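Let me begin by presenting the structure, written as structure tokens, before commenting on it.
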Amino acid sequence: MGDEDLIELKFRLADGTDIGPSKYSQFMTVASLKEKIIAQWPKDKENAPKMINEVKLINGGKILENNKTLSEARSLITIGELPGIVTTMHVVLRPPLFEKKKEKLQNDPPRKSHCVCCIL
């Protein structure tokens with residue numbers, strides 16, 4: 001793999017801190033890139049993601065799909081067009097869906113099944 005196959009990326013977290021920059025193969029999938037981001041997540045940050053489905057990568061206003069490679073995403077957006085330029089991608093965390101549902105059920109009072117209709 002030559003240098004022309006590598007893309008230099010850094011990842012901007014929601015609080016403004018960065019992961020990287022590092023070089024990645026343009027043939028790497030977005031899903032494996034997310035796994036690397038999770039592995040490099042700063043240890044001092046709260047709410048670190050555990051699964052790739054909790055991470056969204058945004059570049060050029062587009063959310064990158066897990067099954068695409070970086071070279072496929074390059075055709076949709078501008079990634080590393082100029083040599084020596086570091087491309088910044090934004091990292092957005094999405095809490096797992098089942099946690100939201102569990103939290104909502106715990107916070108909501110139990111519903112009573114009686115009618116509140118009034119017929120006049």
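The backbone N, Cα and C atoms fix where each Cβ goes, glycine too.
Feature annotation from Swiss-Prot assigns domain 'Ubiquitin-like' to 7-72; the stated evidence is sequence analysis. Sequence annotations record features per position, and here Swiss-Prot assigns S-palmitoyl cysteine to Cys115 based on sequence analysis. The feature cysteine methyl ester is assigned by Swiss-Prot to Cys117, with experimental evidence given as support. Per Swiss-Prot, S-geranylgeranyl cysteine is recorded for Cys117, and the stated evidence type is experimental evidence.
Secondary structure of the domain 'Ubiquitin-like' (7-72) per DSSP (helix as H, G, I; strand as E, B; remaining residues coil): 17 helix, 23 strand, 26 coil. Around Cys117 (cysteine methyl ester), taking its Cβ as the centre, 5 other Cβ atoms fall within 10 Å, counting all chains. Per-residue confidence over the domain 'Ubiquitin-like' (7-72) averages 91 (mean pLDDT, predicted model). When secondary structure is read from DSSP and collapsed to three states, the residue listed as 'cysteine methyl ester' falls in the coil class.
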